[in-house]
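Asks: Swiss-Prot lists 567, 571, 669, 673 with the feature Zn(2+) binding site.
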């Protein structure tokens, strides 16, 4: 067996298929682009859907890739098995209507067994085939596979619902008897069974049927090949590792974690090993996901990241790691993967910052979960129950990241159990929902043959002219290719067009189609790219049109000019934000409309208004400097040497377009722009807000729209000035400050009066000392307007040393509040935190605190008297 690193194995696979005429597709972002059916890119073929569905025609029908992927449907198994991962790499080769079974099988065999490539022992390889797929069986035998190494398996048919489907062939590597975990006569002890000896390394799907909506299967007009080889599994074979984790993809992370732990070592303890594996796996997924623009949040991709971070932190605690540590693993991931993913190491400072921020928040999450758990326990006791329902335990786990083990421990302290069977049932329901969703989604789509074979060229000339004469070459109406239309909606292609097709955040051009006599025959409502890249115009037809005829195409120049100004301003804003906030700020999305622009960017925390003003001022400064705006088309490497900024989430062709505004900004862009920044006139930010964890959104206007916005605000200021009875706008701020000072003084007077009233009322309570067992107790309810006043009363009680224990309650804004204080000489016997936990269920709430002072909040103010009684009863039971 050759000794190869993971980087060498990945490159060898890609080089092999490159030698077979394949184009190497770069690994796409984990965040799917234009595919709402996927939360994450979860396989190599997921990035090829646009080719297999006919939405886009690839330049080369032979493709290969090493695609980073994320799956979280079996997250509970990560760390417990040899090969479950959240993040993994899928090596694959693909044929879009080109070669088929014979070539795919022959090349697979060559890669695996040739001494020039993997060089594996042929006797260690086994293949499974679909029983009816005699072509695949014959192809394997033709390359020299022994018949007893080819196994027919009924499940070898790839089908995920409507769309391409077909038989598949799986390849297994025999790791030897030393890896066998089953008895010789076990029915699963065979290649394809559930065992550790025969390791599946490759699956080749022969996509030859279309699964129709009516459940039938029809032969595809173009047969495809889709394969997937898990890099981590292959590396474990080359490096003779018992599991995927003992390879160079994971061990540096495990070793770093061990160094951060309380003297723990991988391999010394099975339970600790699970934690080491979980942390290593999750650190990889977290790093790559954040690097691709996803951020921790409460839903969707953000929730997945948050859940992985929480799970890793809990496992770090099991290893004795105190405080934040995951951020220290981010650069380790970058170093491991830098050969193929250099951007991860380049972004490691930013990624680590995001991770550290989320780690620091984890304590808040635990607190929220604890409050919910206290409420559940209080409700149970009130109803006479003694078991937390499985659904509630699952909610704590799934929504708050509350480990079920912690729920069980905490509930046990209160004499409550957890319905483990119910919890596991809810877990299974979640898995079933995920599995059903995968089965039902139309992941590959039906092949669209209407435009896929239309290769009539259509030249875009809109960079230099906004009107042209052109021939109508393709016409679609009613989902059919037609040669003429008279009215209604239609799609059209022209041999030349000045209309921009929506792309890169810029909306499509609008305008009219005129006949040779100058009469309008159609309005252009939208423009999108067809499968072969042509501009496809959506028309509202008002007069007859026919293919082959010549028409005048005229772009709405007023709308187009507004879009140009907003698009160039977007690039100026992007650069200005990086100047003000730092290079960690990245574009997270944009929309360039005619009447406004929208720009999303990564930034943690609130945006300081002063910094936002700096960015706005910088954009306007560059507008007033009258910078020339130039564009150039060049190859991607030359563009990068020019310093052009590219988005990691975008894919670029061999030739790219670069836009520059003086020396201030140079970025990849295929959109329309002004010739000089002075054409923008004015730039004004109209709003800034958060749209997700770590993502901020700016909306802005330019030119006449910016003037109109400022004019409207002037009118508002004038109206406010009139209400405040000031004659000059610049006097408004001074007047408002004076009013605020007056309000603050009144509030202070009110607080002083309320404090005096509370003290008077508390005086009556403080005068009434009772005996509860061995302790002197003062308890009762008072009227206050906020919790701070309760704490102030506790301070008064402590200063006067009025009793051993104080318990006060109050209703504030419809909620119940409790405070418990214990004198210094009694804190060894009685702790305020213990007492508050005992009585807070009476108000349907929970709380905690220090031995000398604790507080709680709840939803049931009517329970405050019961809480006072419970406090006395609890104290009476203490020694």
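Placed from the backbone N, Cα and C atoms, the Cβ positions cover glycine too.
Bear in mind that the values here come from a model prediction, so they are computed numbers and not experimental data.
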Asks: Excluding 567, 571, 669, 673, please set out which residues of the same chain place their CB within 8 Å of the center of the CB atoms of the Zn(2+) site, keeping sequence order.
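Replies: In sequence order, the nearby non-listed residues are 506, 568, 570, 629, 659, 667, 671, 672.
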Asks: Under 8 Å Cβ-Cβ from residue 669 (Zn(2+) binding site), six or more apart in the same chain: what's there?
Replies: 504, 567, 571, 631, 657, 658, 659
Asks: How many neighbouring Cβ atoms, not counting its own, are there within 10 Å of the Cβ of residue 673 (Zn(2+) binding site)?
Replies: 25
Asks: Using a 10 Å radius around each Cβ and all protein chains in view, which of these binding-site residues has the most neighbours: 567, 571?
Replies: 571
Asks: According to DSSP, does residue 673 (Zn(2+) binding site) sit in a helix, a strand, or coil?
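Replies: It is coil.
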